[in-house]
């Protein structure tokens, strides 16, 4: 594992990404802890922490400029409190393929008032009953969850399910948090799927080349790594078209 030092930050790749944001690439260093980001001098719109060994999402200084945080393919099982104080303008958070287990572990995301684009795909918590409705209720500012637009019908269903004393009790009952944090403990892993055919790989690469947002690029890369093909992956939310979120012209999900 590699300690995230000021020297590493200075040496890491820095570039203007596909959506013209200034990005810091800290991908694949096997970093275990987020620290020393004050060395960035708040000069980046996006930071890529993909493919590291991070277990807890915290340790950020005040980064007013940061809008996009990619933390897929880590080992995150906890989300720190008070992220809104450090990341007031965060709009996109990609937590795909981590180790979040309990619905209550997602509660700290509610404080991120600018968060509109969130992915928690391939975390054990997504298998919990009422997962999607719980996140929609607890983090109502999110407009796109797991790469699916939040529908007005879903918001109404979430409000109905969790409102009032009975709803509050239901939310409390299903939202327990992980009680222990053991750095050496084993974490859930997904079974490996068969790889895609060469034609499928080429289709995904073409889709990546035509992607219009950084989050979409990361989703397609994740599909390529897991052997899934765009349009064939299992949907984690409702499959009906439903009525889309009202006030669509106010949505700012990075596209």
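Just so you know, the numbers here start at 1 and follow the chain as drawn.
Every residue, even glycine, has its Cβ placed from backbone N, Cα and C.
As a summary of secondary structure, the repeat 'LRR 1' (20-41) carries 4 helix, 4 strand, 14 coil according to DSSP. Taken from Swiss-Prot, the feature repeat 'LRR 1' applies to 20-41.
Within the chain carrying the repeat 'LRR 2' (43-64), a Cβ under 8 angstroms from the stretch's Cβ atoms is held by residues 1, 14, 17, 21-35, 37, 70-81, 83, 85-89, 95, 99, 181, 183, 214, 218, all 6 or more beyond its ends. According to Swiss-Prot, the repeat 'LRR 2' annotation covers 43-64.
The repeat 'LRR 4' feature in Swiss-Prot is assigned to 89-110. Panel annotation: around the repeat 'LRR 4' (89-110), residues 55, 57, 64-83, 116-125, 128, 130-131, 134-135, 138-139, 174-178, 187-188, 190, 214-215, 218-219, 222, 252-254 of the same chain, lying at least six beyond its termini, place a Cβ under 8 Å from a Cβ of the stretch.
On the 0 to 100 pLDDT scale, the domain 'LRRCT' (123-161) averages 96 in the predicted structure. Per Swiss-Prot, the feature domain 'LRRCT' maps to 123-161.
The SUMO2 cross-link annotation in Swiss-Prot covers 172 (among others), and the record cites a large-scale study or a structure entry as its basis. In this view, residue 172 (SUMO2 cross-link) is surrounded by 11 other Cβ atoms within 10 Å of its Cβ, with every protein chain counted.
As annotated by Swiss-Prot, region 'Disordered' applies to 174-201 (among others).
Annotation source Swiss-Prot lists SUMO2 cross-link at 221 (among others).
Summarising the annotation, Swiss-Prot assigns region 'Disordered' to 222-255 (among others).
Here Swiss-Prot flags 240-255 as compositional bias 'Acidic residues'.
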